[in-house]
Amino acid sequence: MSASPTARQAITQALPMITRKVVISDPIQMPEVYSSTPGGTLYSTTPGGTKLIYERAFMKNLRGSPLSQTPPSNVPSCLLRGTPRTPFRKCVPVPTELIKQTKSLKIEDQEQFQLDL
């Protein structure tokens, strides 16, 4: 087993999940995104099979947090909203020395190998 003792202990002390049944009589009542529900709760799973449940109130709280209002630190400034547009750089011609070097390189073709099955 790869789970640590504290992880195993947390699994054994899991709280019962409160569920509620919503009857949908018309396909129009189905949400646009199938991982969400009519009540606004989002359900997801990890590749390992862990079920994630995000309630609507929790997600709305995250939306207004200061962390969600700040942009990531590694985004170029030209992609940030509200920055003035800068013109694209004009294409600079390739130096002739570089063209001569690439022409002088000779790529030798090798015969295709046989694969025995």
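Every residue gets a Cβ built from N, Cα and C, even glycine.
In Swiss-Prot, the motif 'YXXXXLphi motif' annotation falls on 54-60 of the listed ranges 12-18, 54-60. Per Swiss-Prot, the residue annotated phosphothreonine among T37, T86 is T37. For the annotation phosphothreonine, the record in Swiss-Prot points to T70 among the listed residues T70, T83. Counting every protein chain shown, 9 other Cβ atoms lie within 10 Å of the Cβ of S65 (phosphoserine). T46 (phosphothreonine) and S65 (phosphoserine) are 25 Å apart (CA-CA, integer value).
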